[in-house]
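Student: Handing you a structure now.
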Amino acid sequence: MDVSKISPGKDLPNDINVVIEIPQGSQVKYEVDKDSGALVVDRFLFTPMAYPAAYGFIPGTLAADGDPADALVLTPAAVVPGSVIRARPIGMLKMEDESGQDEKIICVPHDKVHPQFSNVHSVDDLPEITKKAITHFFERYKDLEPNKWVKVTGWADKAEAGKVIMEALAAAK
């Protein structure tokens with residue numbers, strides 16, 4: 001897969017594309033190799049936990065950690081790794097890890113992809129248990145890995161997520 005040929009979206013930062021690397025429910029961390037475009041197994045999670053949502057990145061972006069901007073997409077079904085999904089950002093999980101700042105843009109499928117989340121416009125519209133599950137996963141998923149750690153510092157609104165997306169787009173140019 002040549003990620004450089006995938007558009008970051010139709011109406012940035014409100015209508016974006018997310019390349020899915022990890023399906024919801026996976027205990028395997030996959031990554032798209034920057035050089036070959038192949039989907040490779042980065043590692044198996046050391047903790048007995050599974051990703052709470054589809055996980056991937058926004059193509060054409062460069063986040064503060066030197067990788068494309070990370071995104072989670074809440075979906076009604078598992079999405080195959082390597083798929084590109086049209087999504088709407090609704091907020092952001094703010095975190096730090098052993099490598100520094102590491103935000104996760106929280107998204108839902110665009111209404112044209114599936115209407116289940118058509119009334120969700122902010123992370124505040126999500127059930128509290130969904131936010132708690134996402135927070136819990138990211139606070140704990142590296143617990144058993146040597147020299148790795150994560151600190152969740154809070155949630156941000158759609159406007160702040162949009163600012164981070166636009167900064168990551170500018171950084172990639």
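In case you wondered, yes, glycine gets a Cβ from its N, Cα and C as well.
Predicted, not measured: the structure shown is a model, and the values here were computed from it.
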Student: Name the one residue among Asp33, Asp35, Asp102 that Swiss-Prot lists for the same Mg(2+) 1 site as Asp65, Asp70.
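Tutor: For the Mg(2+) 1 site that includes Asp65, Asp70, Swiss-Prot also lists Asp102.
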Student: Measuring Cα to Cα, how many angstrom lie between Tyr141 (substrate binding site) and Asp102 (Mg(2+) 1 binding site)?
Tutor: 14
Student: Which of the binding-site residues listed here (Lys29, Arg43, Tyr55) have a Cα atom within 10 Å of the Cα of Asp102 (Mg(2+) 1 binding site)?
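Tutor: Final answer: none.
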Student: Other than Asp65, Asp70, Asp102, which residues of the same chain sit close to Mg(2+) 1? List them in sequence order, counting a residue when its Cβ is within 8 Å of the Cβ centroid of the site.
Tutor: Ala63, Ala64, Asp67, Ala69, Met95, Asp97, Ser99, Gln101, Glu103, Lys104
